[in-house]
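Colleague: Okay, here's the structure, questions in a sec.
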Amino acid sequence: MALAGLCALLACCWGPAAVLATAAGDVDPSKELECKLKSITVSALPFLRENDLSIMHSPSASEPKLLFSVRNDFPGEMVVVDDLENTELPYFVLEISGNTEDIPLVRWRQQWLENGTLLFHIHHQDGAPSLPGQDPTEEPQHESAEEELRILHISVMGGMIALLLSILCLVMILYTRRRWCKRRRVPQPQKSASAEAANEIHYIPSVLIGGHGRESLRNARVQGHNSSGTLSIRETPILDGYEYDITDLRHHLQRECMNGGEDFASQVTRTLDSLQGCNEKSGMDLTPGSDNAKLSLMNKYKDNIIATSPVDSNHQQATLLSHTSSSQRKRINNKARAGSAFLNPEGDSGTEAENDPQLTFYTDPSRSRRRSRVGSPRSPVNKTTLTLISITSCVIGLVCSSHVNCPLVVKITLHVPEHLIADGSRFILLEGSQLDASDWLNPAQVVLFSQQNSSGPWAMDLCARRLLDPCEHQCDPETGRREHRAAGECLCYEGYMKDPVHKHLCIRNEWGTNQGPWPYTIFQRGFDLVLGEQPSDKIFRFTYTLGEGMWLPLSKSFVIPPAELAINPSAKCKTDMTVMEDAVEVREELMTSSSFDSLEVLLDSFGPVRDCSKDNGGCSKNFRCISDRKLDSTGCVCPSGLSPMKDSSGCYDRHIGVDCSDGFNGGCEQLCLQQMAPFPDDPTLYNILMFCGCIEDYKLGVDGRSCQLITETCPEGSDCGESRELPMNQTLFGEMFFGYNNHSKEVAAGQVLKGTFRQNNFARGLDQQLPDGLVVATVPLENQCLEEISEPTPDPDFLTGMVNFSEVSGYPVLQHWKVRSVMYHIKLNQVAISQALSNALHSLDGATSRADFVALLDQFGNHYIQEAIYGFEESCSIWYPNKQVQRRLWLEYEDISKGNSPSDESEERERDPKVLTFPEYITSLSDSGTKHMAAGVRMECHSKGRCPSSCPLCHVTSSPDTPAEPVLLEVTKAAPIYELVTNNQTQRLLQEATMSSLWCSGTGDVIEDWCRCDSTAFGADGLPTCAPLPQPVLRLSTVHEPSSTLVVLEWEHSEPPIGVQIVDYLLRQEKVTDRMDHSKVETETVLSFVDDIISGAKSPCAMPSQVPDKQLTTISLIIRCLEPDTIYMFTLWGVDNTGRRSRPSDVIVKTPCPVVDDVKAQEIADKIYNLFNGYTSGKEQQTAYNTLLDLGSPTLHRVLYHYNQHYESFGEFTWRCEDELGPRKAGLILSQLGDLSSWCNGLLQEPKISLRRSSLKYLGCRYSEIKPYGLDWAELSRDLRKTCEEQTLSIPYNDYGDSKEI
């Protein structure tokens, strides 16, 4: 019944709404109430055309042109975007959001004010009269009718909401009253013993009387004008033969009502009966003989049993009627007060009736107090109550959500050309709305006002107008008003102060105390915010917004973010370090003012790390206290030469003894002892010496850690335990047990592997016993002795540095000769760590610094040898003054060796297998005194081991009685030393130290393909120095000698796979003016290989000849436009991606003398003789003068030489010129002879000067953009094919005397 009433109530609520909607027309109500967004574009063209359109096309477009006054009476932000070209017209974009009924209320108007201001006002429909230029939005035709219906609709719905809320509050009040009322049981009426014996009281559980039954019972009682009382018991009693006093019961019920319904509150829930009050109870008809009440109770019980119990209804009805018909007394018609009739009309009261529907009659009065779970005060809310509350809340929410008006918001976006808005423009916004200048790249100095409503006063917003210099931390508008400032004052957070130059920025001035290690020890890779690289020049301290305290940018464009930041720190850091194309110098002055020249200066600004004046600064044992703040120091450091113990309780020498605090008792089997050893030079400092010991009756083993019983006897008197480890440095093939450095290709000093001789290990041809696990393979004799001789090449040492090049002799030549005898292949099968390495590793664990691991690698190497070859090797290097000498000696050697060497079939070959080697021939020339054949020839020889007697090619022979001692020739297979470590943590740290030692000089960590340098590995310029930058060696080309105007330079491109990324090479060219002092230069030119040479920017005088590819790493460069007979100095640097430069490499060379065509000079000499012979006319004189004047100094020298050689009998050249041309003209011609140096003058007097030409290929590149940070050197040759084409250049040379054989 209650749910039906609720449904009817909802129907009443929604009914008028539907009628109103229908009366308004055939319009969908949901469409009328939905939120919509409408965008309108408003152009300023009409007003600019009517007034002064010429301001948009002014030549000085960079200056502000127009004053704006924009006012918005609606809530919504104002956005200014200067994204238009200077020739485009400004326009407004209005984004109106709200109900469809509210959007037409928005009006706007544009007006040109007298002071030249463009006014744009957004206002309400009724907020301003209709003015010219006022544009309305679209309005529906029946707006007034809809407005009235909307008001009526809202009124009806408001009444429904209030009614529903009242019902809900009433239910909650009654529920609260029932919960806090104390339950009380009414005393049962007394009855006689005869009635107790003759009749039996049957109790029907109240849960069996469902909601429909109780409702019908109530209706029957009301219709019959009869009332019945209620007993405050859980079950409804049916009294058979019960006699009672009606007056007493009536008084009891009246007391119950006057007591506030305590028994009423003890029922399960509330019912609609409770709304009838106590008047109904007091008006009940309790007169005996009320048959209507009796029949109503029987019908009620019948209906309830049929609805809730599967028991046969006929049987139940018969049982009940037998009781009612046999009784002649009056019974009280009781109605259960359970609230399930209202809360659960379907009959589900939430009790055990569903689980146990069988009807039970109780005859024991004490059992009638069975309680229902629904009526338990611990669970007062059942499913029905929750359902009612949910339905009510849902209906209220539905009604409210369907009638909540969308707020009317108007967002204005002003699109203008750059610099169009003039300073002094004003914007008036509602309070709470903001001006968005994020897309306003060049904001003007505008004035902002805020107003509470469209008619309220304007208040100047001093903080919001700070568009050009927004406050970094916070803004105080009140201070600006009090001091009459144009903008609000910027304030800084606690611990910060204003920058002295930029008042709107803040710098930190309080850093607090830090006792302990410097908290920012991790240097992450720095990133250029544009290119993503790692250069740096200075160190700064700034804060970032992740709460970590500080970060250390290393330059204004390169930052080092902490580990928590992403690769692009500008997206998350509140700094002015952002470097963009349009904002490079955002905070340069501020950074300069707060910069530090070095990391030490930065750390000193934070004060001392500890107070060492008392109690050693809190440092324990033999730690020294230092107050200087270091990046990786806690203020407690160990004395020099000592390392901290694993528990940091003291310092010890890790090279001596053990560490008792390592958690493993120092590796000692029994005792680990400590002893204080003072320093001899400073008694205040001492070393904690730790060593192993044994208890009584035990002695220390040979390993210094194990203990053995003193009484223990060993067989045959030998030592107990493992066999003693022997040093392997005096053993054959002993290098196999030592460490190896795979970079330097040298054997380390420390023994890595244990060598024992417990097994009889011998090899064929060797008398000595070999260590255990060593496998030796002997190479056959016919494959042992091999000779190698290289092709003669220019001496590389001559081609670099100070090059004493002579165009007469050319390059000196170097040739290598080598004989190698590989005798044994050695392999190590068994690997066991030596005691020395074991002791060193045992002192290292996760708490040890990288420096300790690097020291171990320096001692034991980074690899251990697995396979190697042994034998004998002899090498000789032979230098020749030029290639002609080498050619003559080699041809002579071939003739001699072929003529004097015995044939393979002769008996002499068998008797004396010795053959003549080329080094022996060179030695014989020196010994025989044939100086003219060996002038300028020298030879140096080196040997490894002793030459075996089976090899006839050895230059230095040894006595046949001396046994051959094979030496280590080459390590063919090696493994990292960290693979020998079993502890995972120690192995990982040793591997990291190995990588750091190989690529980062031991002062940085390898991160992917780059080195993260330690704080101590930064140079004076602030650049990292841990990854050594390879030095390119600049040299003259080995193929093309310098000419009079051209030099070919080359170098090898070398880039390690980790730590360094070469991005460019810089070449400096200087002209030396003083031949004795090369520091005096006249001109200087610096060229970038990437930007100037291969890009084609300066290709006329510098051209690439060869670039690297996948096979070759040589870079060859052609330098043209040089002056003959001039000293030039070329300097080369390599540049990596951090901006570092490698150590320079120099080449100082003098260009050859000017090239002359001797054939042409002789022809000119013949021509001059013919002109001067006999009578010389004026025309012939002028021809001779013009010819000689245009020759130039070198050719004039050769003309003079040939003229005097052939025609001196008719007069010397100088005299003939003066006689034929006159002194003045002859002086002008002969003055050119002094332009050359004495060296070139001497060369031009050679009787024979030949001219030859050499072809040189080069790359002619047209201009293109080369990105150095994305340069792939291995693919450079392929990439340049797109912009460069191969061309040929002809180079002239002079050969003085006999022609060279190049």
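Residue positions begin at 1 at the first shown residue.
Keep in mind that glycine also has a Cβ here, set from the backbone N, Cα and C atoms.
When I checked Swiss-Prot for this same protein, it listed these features:
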- Cys463-Cys475: disulfide bond (DISULFID)
- Cys492-Cys506: disulfide bond (DISULFID)
- Cys612-Cys625: disulfide bond (DISULFID)
- Cys619-Cys636: disulfide bond (DISULFID)
- Cys638-Cys651: disulfide bond (DISULFID)
- Cys660-Cys672: disulfide bond (DISULFID)
- Cys668-Cys692: disulfide bond (DISULFID)
- Cys694-Cys707: disulfide bond (DISULFID)
- Cys785-Cys951: disulfide bond (DISULFID)
- Cys947-Cys954: disulfide bond (DISULFID)
- Cys1013-Cys1026: disulfide bond (DISULFID)
- Cys1153-Cys1240: disulfide bond (DISULFID)
- 1030-1145: domain 'Fibronectin type-III' (DOMAIN)
- Arg337: omega-N-methylarginine (MOD_RES)
- 340-380: region 'Disordered' (REGION)
- 1-21: signal peptide (SIGNAL)
- 175-383: topological domain 'Cytoplasmic' (TOPO_DOM)
- 154-174: transmembrane segment (TRANSMEM)
- 384-402: transmembrane segment (TRANSMEM)
Colleague: Within a 10 Å radius of its Cβ, which of these disulfide-bonded residues (Cys506, Cys612, Cys651, Cys951, Cys1153) has the fewest neighbouring Cβ atoms?
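Modeller: Among the disulfide-bonded residues Cys506, Cys612, Cys651, Cys951, Cys1153, the sparsest Cβ neighbourhood within 10 Å belongs to Cys612.
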Colleague: Taking 10 A as the limit, how many CB atoms besides its own sit near the CB of Cys638 (disulfide bond)?
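Modeller: If we count other Cβ atoms within 10 Å of Cys638 (disulfide bond), we arrive at 21.
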Colleague: Tell me which of the disulfide-bonded residues Cys475, Cys492, Cys636, Cys707, Cys1026 ends up closest to Cys785 (disulfide bond) in space, Cα to Cα.
Modeller: Cys1026
Colleague: Would you kindly give the Cα-Cα distance separating Cys492 (disulfide bond) and Cys1026 (disulfide bond), rounded to the nearest Å?
Modeller: 39
Colleague: Starting from Cys694 (disulfide bond), work out which of the disulfide-bonded residues listed here (Cys625, Cys954, Cys1240) have their Cα within 10 Å, and give them in sequence order.
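Modeller: Passing the 10 Å Cα cut: none.
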Colleague: Quick check for the class: what is the C-alpha distance, in angstrom and rounded, between Cys672 (disulfide bond) and Cys463 (disulfide bond)?
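Modeller: Per the Cα atoms, Cys672 (disulfide bond) and Cys463 (disulfide bond) stand 71 Å apart.
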Colleague: Give the residue from the disulfide-bonded residues Cys619, Cys660, Cys672 that has the most other Cβ atoms within 10 Å of its Cβ, counting over every protein chain displayed.
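Modeller: In terms of Cβ crowding, the pick is Cys660.
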Colleague: For Cys668 (disulfide bond) and Cys651 (disulfide bond), determine the Cα separation and express it in whole Å.
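Modeller: Roughly 19 Å, rounded to the nearest whole number.
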Colleague: Which three-state DSSP class does Cys1026 (disulfide bond) fall into?
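Modeller: SS state of Cys1026 (disulfide bond) = coil.
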Colleague: Please work out the number of neighbouring Cβ atoms within 10 Å of the Cβ of Cys463 (disulfide bond), leaving out its own Cβ.
Modeller: 18
Colleague: Mind looking up the mean pLDDT for the topological domain 'Cytoplasmic' (175-383) in the predicted model?
Modeller: 42
Colleague: Give the number of CB atoms, excluding that of Cys492 (disulfide bond) itself, located within 10 Å of its CB.
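Modeller: So the Cβ neighbour count for Cys492 (disulfide bond) comes to 19.
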Colleague: So if I draw a 10 Å sphere around the Cβ of Cys1026 (disulfide bond), how many other Cβ atoms end up inside it?
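Modeller: The answer is 20.
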Colleague: Report the nearest neighbour of Cys1013 (disulfide bond) in space among the disulfide-bonded residues Cys638, Cys707, Cys1153, Cys1240, comparing Cα positions.
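Modeller: Given the candidates Cys638, Cys707, Cys1153, Cys1240, the nearest one is Cys638.
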Colleague: Which ones, of the disulfide-bonded residues Cys492, Cys506, Cys619, have a Cα no more than 10 Å from the Cα of Cys612 (disulfide bond)?
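Modeller: Near Cys612 (disulfide bond) by Cα: Cys619.
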Colleague: Would you kindly give the Cα-Cα distance separating Cys625 (disulfide bond) and Cys475 (disulfide bond), rounded to the nearest Å?
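Modeller: So the Cα of Cys625 (disulfide bond) lies 45 Å away from that of Cys475 (disulfide bond).
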Colleague: List the Cα distance (Å, whole number) between Cys707 (disulfide bond) and Cys636 (disulfide bond).
Modeller: 36
